[in-house]
Amino acid sequence: MSFRDDSEDGRDVRKPFLHTGSWYRMGSRTGSSMLGSSQVIRDSSISVVACVLIVALGPIQFGFTNGYSSPTQSAIIKELGLTVSESLMIAAIPNIIGWLAISFANDVSFLYMGRLLEGFGVGIISYTVPVYIAEIAPENLRGSLGSVNQLSVTTGTMVAYLLGLFVEWRILAILGILPCTILIPGLFFIPESPRWLAKMGMTEDFEASLQVLRGFDTDISIEVNEIKRSVASTNRRTTIRFAELKKRRYWFPLMVGIGLLMLQQLSGINGVIFYSATIFETAGIKSGNIATFGVGFIQVIATALTTWLVDKTGRRLLLIVSTSGMTLSLLLVALSFFLKDVVSTESSLYSIMGILSVVGVVTLVITFSLGMGPIPWVIMSEILPVNIKGLAGSIATLSNWFSAWLVTMTANLLLDWNSGGTFTIYMLVSAFTILFVSLWVPETKGRTLEEIQRSFR
């Protein structure tokens, strides 16, 4: 949130409504140049990794919200007397007030309100965190640090699965408050995005922020000049006419960002994760919640591996490997469910098919976490032009959440209709994603954000 303020020279600039991280500007307020603030920066230097770890508390909250449904669904339905359709609606409308509303719920209306508030909060988090990380990270670490966003999501989900095995659902909702409770004060100790400050005309603060993020002993002159040129080329316009969206520099990155984030969800991963306990029980595994925690743990390990690989192998290669593995995994699950429908429940082949379906689901989660989980958010935050990033990023995030809602709403209904058919649909979407990535997704490894933007002109 921001408001306009006139500077001493008459220029109209935007200033932050909340001066989070304002400590790094102290020197620039008492002196007119970067040199005047050097001692403050030297004494208060904070690494970009620390900033990423603080904002990563937001995605942990996001993941905790995702994982809350699986271990608590049956207990909530039993205690509040909900129907399956009501519980599906609640899980599909995925913040501190929201968790409190859930914790003290005595009827379905409190659950609706809690999930709605959480959905509003994590919807904002899911866009702002990857964009902030992309704008503060150096180009050689941007992929790895950007992947921390999804790593935090999977960690939050796994923690929700684990705690759900030991505490009842009302206590679990109270525990969901913790990440954001720590995040809020943490935001006052990290600098604002230097690219946002430059775009708003706050040159002194922009240079101070960048110097803090890169370290006092680092020469930032080249990066400063490149950001200034990029901002100057947009003429500091925060809005564009609708007709200008026909230009390739706008429609192409928007198409890629929206396409990746929609395909990420339409592959059915959220349907699998949200209701994995039910899927395991259908496959014959009695301890569905424990199996779900195991899947969550594997997802964290695979996503952590991606944070190490993404700046070495590149985004495109990991996406192609990931979607190829997902397609094969979904094919395996679909075939196993189709065969289970035609063999006797007492035959050994039936048990083998159950095991194969579980193997397929676990492999699906691993391959998803290696690429399609973290990388679409990384690429979206890298490729969108600075002067439409707010609007375009919001549209891409909305598309992602709409697709997640659609999958979550239909997952159980489709599984009840035909489990093999459901996974066949997801497999076809995953196969199309391989083609989409191969034809249209650009490689952004080792390039500055400004270089990426120039490539679309």
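Just so it is clear, glycine is given a Cβ too, placed from its N, Cα and C backbone atoms.
Please treat TrEMBL annotations as automatic predictions, because they have not gone through curation.
As written in TrEMBL, here are the features:
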DOMAIN    1-445  domain 'Major facilitator superfamily (MFS) profile'
TRANSMEM  46-68  transmembrane segment
TRANSMEM  80-104  transmembrane segment
TRANSMEM  110-133  transmembrane segment
TRANSMEM  145-163  transmembrane segment
TRANSMEM  169-190  transmembrane segment
TRANSMEM  250-278  transmembrane segment
TRANSMEM  290-310  transmembrane segment
TRANSMEM  317-339  transmembrane segment
TRANSMEM  351-379  transmembrane segment
TRANSMEM  391-411  transmembrane segment
TRANSMEM  423-441  transmembrane segment
Query: So, does the transmembrane segment (317-339) come close enough to the transmembrane segment (423-441) to give 3+ Cβ pairs below 8 Å, pairs being at least 6 apart in sequence?
result: yes
Query: For the transmembrane segment (317-339), which partner among 169-190, 290-310, 351-379 gives the most CB pairs under 8 Å?
result: 351-379
Query: Cβ under 8 Å to the transmembrane segment (351-379), counting only same-chain residues 6 or more beyond its ends: which ones?
result: 126, 130, 134, 142-143, 146-147, 149-151, 153-154, 256-257, 260-261, 263-264, 267, 269, 272-273, 276, 279-280, 283-285, 291, 295, 298-299, 302-303, 305-307, 309-310, 315, 318-326, 328-330, 332-333, 335-337, 339-340, 343, 400, 423, 433, 441, 444
